Structures are given as structure tokens and as C-alpha cells.
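Asker: Below, the features straight out of TrEMBL:
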DOMAIN    8-44  domain 'EF-hand'
DOMAIN    45-80  domain 'EF-hand'
DOMAIN    89-124  domain 'EF-hand'
DOMAIN    129-158  domain 'EF-hand'
Amino acid sequence: MEIQLSDEQKTEFRAAYDIFVTDSDDGTISTKELSKLMKMLGQNPTSEDLTEMIAEVDIDGSGTIDFEEFCLMMYRQMQAEEEAKIPERGEKELSEAFRLFDLNGDGFIDWDELKEAMEGTGESIEKWEVDDMMNDGDKNQDGMLDYEEFLNMMKFVQ
């Protein structure tokens, strides 16, 4: 995955990375070094959490994080922080969108409602695209999007 970082961000990420690879035998960050980093940030992840964090960015499958993968991890963290900052106006718009998409007013958006709403934007949408949106958004796998699932899904399409 190609990400765009400013020179300043690259410099900051390199400095942080270099701090945590000093104890490393191979110049990469393992779960051990990542645990130290997270503890310095006031978090106490489990070994499973650490393994999952590495797996999410471990492009080469080595089980450790090299500098490129570290940049990806930091970039994703920055994106997540930005996405968490939905302005109040945006949240009101999303609330209104949910109400409009929920055609039968039951508090959920099902597959047919999602397809109809997407088609209502004037864009043609394929069955597989609706399937993908539902699969990505429907975290509890009940075949419908509740409001929280809808908000989370919309964070990634804004």
C-alpha cells in the first residue's frame, strides 16, 4: 500500500522507529518492542493484541514490522484518529442519511434499503457492491445495519 507522508512525518516516524529497534536483533519491531512502545503510550495490550497489530501491517509476512510497515501503521493510526473526529454537523448529516436510508423506519437498514438508497444517488450499483458494503458494515452479521454500524461504515467512505 502506497501512502503519502510529508518529509516532516517521515523524519518523525524514523526517529520513533529508531528508538524501538535499538533492542532488536534484526532491525525490526517485534511484539516485544511494540509492547514497550504501547506501554510508553499508557496502553497495556495483550500479546494477542500485539500480534494482531503487527499482522495488520506486516506486508512481507515476517511477523515483525520494518520501517515501511511502521509508517503504514502510524499512517493508519493517524487516519483512525481523524475519522474519529466526525464534526457535529457531519454527525447530524449522517443521522439524517440513516433516517432516509431506513425506508420502513424500523431502525435498521437492510440489503434492499441500502441498494435502493445507493441507486437513489444516481449511480448504478452492482449486487456485489451492495454485498461488499453490507459485509463490511454489518459487524454483528444480522443482515442489517444498525445506526452504529452505519456510522462506522460511513467513516470510511467520506
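Cβ coordinates are placed from backbone N, Cα and C, and glycine is handled just like the others.
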Asker: Could you tell me what the rest of the chain brings near the domain 'EF-hand' (8-44), counting residues at least six beyond its ends with Cβ under 8 Å?
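Answerer: For the domain 'EF-hand' (8-44), the sequence-distant neighbours (Cβ-Cβ under 8 Å, at least 6 residues beyond its ends) are 50-51, 53-54, 62-67, 70-71, 74.
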Asker: Which whole-number mean pLDDT does the model give the domain 'EF-hand' (45-80)?
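Answerer: Its mean pLDDT is 87.
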Asker: Of the residues in the domain 'EF-hand' (45-80), how many are helix, strand and coil by DSSP?
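Answerer: Taking the domain 'EF-hand' (45-80) as a whole: 25 helix, 1 strand, 10 coil.
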